[in-house]
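A.B. asks: Pasting in a structure now, in structure tokens, and then I'll have a few things to ask.
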Amino acid sequence: DEILRSLAGPPSPPGQDPPHGWRVAVDCVRANELCAAEPSCSSRYRTLRQCLAGRDRNTMLANKECQAALEVLQESPLYDCRCKRGMKKELQCLQIYWSIHLGLTEGEEFYEASPYEPVTSRLSDIFRLASIFSGMDPATNSKSNHCLDAAKACNLNDNCKRLRSGYISTCSKEISATEHCSRRKCHKALRQFFDRVPSEYTYRLLFCSCKDQACAERRRQTIVPSCSYEDKEKPNCLDLRNTCRTDHLCRSRLADFHTNCQASFQSLTSCPGDNYQACLGSYAGLIAGFDMTPNYVDASTTSITISPWCSCKGSGNMEEECEKFLRDFTENPCLRNAIQAFGNGTDVNLSPKNPSPPITLPPKTEKSPALPDDINDSNTMYDTSVITTCTSIQEHGAKLNKSKEQSLCYSEKTFVDQKAGGSRHWAGRILPIVPTLLLKLVV
């Protein structure tokens, strides 16, 4: 114990006990090193791994040697260890975590505790940044495509642009006549993007606020759902969950989502600890490259509905549990409030307890054409054939065909009111004087 105490960290101040007795929480890779340095812990850990190999939990617990190993390890640094998302040895860390905790639990609970360190920080600065970009002036706000603005902001950052270009290209690359993309490679590219690009860029792409369908469809297409999300048939949601739990990384991200986004009706925001960042971060972690990946189910501007690609058909006597699992996505007030708050630039620390009602604009007294949503962002985008096609469509007004390019160019051209065909003519006259008008408004 003295050796482990010295290795785990500095002693507690006199008269003050550490939160977990003598143990100091460390990441699981470090905890494994501490355990390996102490013969008793090391031998019991090896015993536990042998006990878990090919045995169910009841059989394991019936073995006295396995039971003794568990009791010893519950007093070791391994028991309280956690992992950091995106850490250098994240997968190794998660494997160590589950090697302990699958022996301590049934392994088939409806909810599992997150193996990641708790998120204690807030996103106030990023929320404020989102509000600045979205525009606080209602007149300007109503004409802006915030998801298009988010894409432009990403293009101005080399890392974001490169990795976004990478996953769009990978997820849009046709392999054969029967297989239009490599889903595995698409998921890997998506995971790299969300794990390596700062959240001020990825969150704006995922959670941008929308007031029209063109914007909402661009948001839905962010992860190229035809490859990363949709499939020929929807699997059963419980089967999808079971598949996810066979992968340490997917299992961890799902547990993290349930820990941080599970609806809490004891809080102001319906989120555990009123922590929007924790929920948005766990959602972004889950979306990054798994079959469990959730996404917006449609381009609705009146409601936000999120769901994994699954259904509860064929659930049998497990239908109630399946529906409950699915509702954690489709009817989750914590997740919905967190997304809406980010889009509006209102972190929980900034929003009043009684939010102000939404501003209702007075009816227009004269006709004025709306600024088009299909502003070309390709000039700073990617050197790929898909984006070149988008640029050509945008510049020459060509009609979209039923090809793979349609989904990527969808938000630029689709859902534009056909009655507003003359809006481009108006926009051509109005756009040159917009900077002058904005300057006068500021003054």
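Using the three backbone atoms N, Cα and C, a Cβ is placed for every residue, glycine included.
Feature list, courtesy of TrEMBL:
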DISULFID  CYS35-CYS41  disulfide bond
DISULFID  CYS147-CYS208  disulfide bond
DISULFID  CYS154-CYS160  disulfide bond
DISULFID  CYS171-CYS186  disulfide bond
DISULFID  CYS181-CYS227  disulfide bond
DISULFID  CYS210-CYS215  disulfide bond
DISULFID  CYS237-CYS310  disulfide bond
DISULFID  CYS244-CYS250  disulfide bond
DISULFID  CYS261-CYS279  disulfide bond
DISULFID  CYS271-CYS334  disulfide bond
DISULFID  CYS312-CYS322  disulfide bond
DOMAIN    28-105  domain 'GDNF/GAS1'
DOMAIN    147-227  domain 'GDNF/GAS1'
DOMAIN    237-334  domain 'GDNF/GAS1'
CARBOHYD  ASN344  N-linked glycosylation site
CARBOHYD  ASN401  N-linked glycosylation site
REGION    346-376  region 'Disordered'
A.B. asks: Counting Cβ atoms within 10 Å across all protein chains shown, which of the disulfide-bonded residues CYS35, CYS186, CYS237, CYS244, CYS279 comes out on top?
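C.D. replies: When each Cβ's neighbours within 10 Å are tallied, CYS279 leads.
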A.B. asks: Can you give me the Cα-Cα distance between CYS310 (disulfide bond) and CYS244 (disulfide bond) in Å, rounded to a whole number?
C.D. replies: 13
A.B. asks: What is the pLDDT of the domain 'GDNF/GAS1' (147-227) when averaged and given as a whole number?
C.D. replies: 92
A.B. asks: What are the DSSP helix/strand/coil residue counts across the domain 'GDNF/GAS1' (147-227)?
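C.D. replies: Counting residues per DSSP class in the domain 'GDNF/GAS1' (147-227), I get 60 helix, 0 strand, 21 coil.
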A.B. asks: Considering only the disulfide-bonded residues CYS41, CYS154, CYS160, CYS210, CYS227, CYS237, which fall within 10 Å of CYS261 (disulfide bond) when distances are taken between Cα atoms?
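C.D. replies: The disulfide-bonded residues close to CYS261 (disulfide bond) (Cα within 10 Å) - there are none.
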A.B. asks: Around CYS322 (disulfide bond), how many other C-beta atoms are within 10 angstroms of its C-beta?
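C.D. replies: CYS322 (disulfide bond) is surrounded by 22 other Cβ atoms within 10 Å.
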A.B. asks: How long is the line from the C-alpha of CYS208 (disulfide bond) to the C-alpha of ASN344 (N-linked glycosylation site), rounded to the nearest angstrom?
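C.D. replies: Cα to Cα, CYS208 (disulfide bond) and ASN344 (N-linked glycosylation site) are separated by 8 Å.
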A.B. asks: Would you mind checking how many other C-beta atoms are within 10 angstroms of the C-beta on CYS310 (disulfide bond)?
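C.D. replies: I get 23 for this one.
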A.B. asks: If you measure from the C-alpha of CYS237 (disulfide bond), which of the disulfide-bonded residues CYS147, CYS160, CYS171, CYS312, CYS322 fall inside 10 Å?
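C.D. replies: Within 10 Å Cα-Cα: CYS312, CYS322.
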A.B. asks: Taking Cα atoms as reference points, rank the disulfide-bonded residues CYS41, CYS154, CYS181, CYS312, CYS334 by distance from CYS215 (disulfide bond) and give the first.
C.D. replies: CYS154
A.B. asks: List the residues of the same chain that sit at least 6 positions away from CYS210 (disulfide bond) in sequence and have their Cβ under 8 Å from its Cβ, in sequence order, or write 'none'.
C.D. replies: ASN145, HIS146, CYS147, ALA216, ARG219, THR301, GLY343
A.B. asks: Which recorded positions (CYS160, CYS171, CYS271, CYS312, CYS322, ASN344) fall within 10 Å of CYS181 (disulfide bond) by Cα distance?
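C.D. replies: Hits: CYS171.
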A.B. asks: Report the DSSP secondary-structure composition of the domain 'GDNF/GAS1' (237-334) as helix, strand and coil residue counts.
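C.D. replies: Computed counts for the domain 'GDNF/GAS1' (237-334) are 55 helix, 7 strand, 36 coil.
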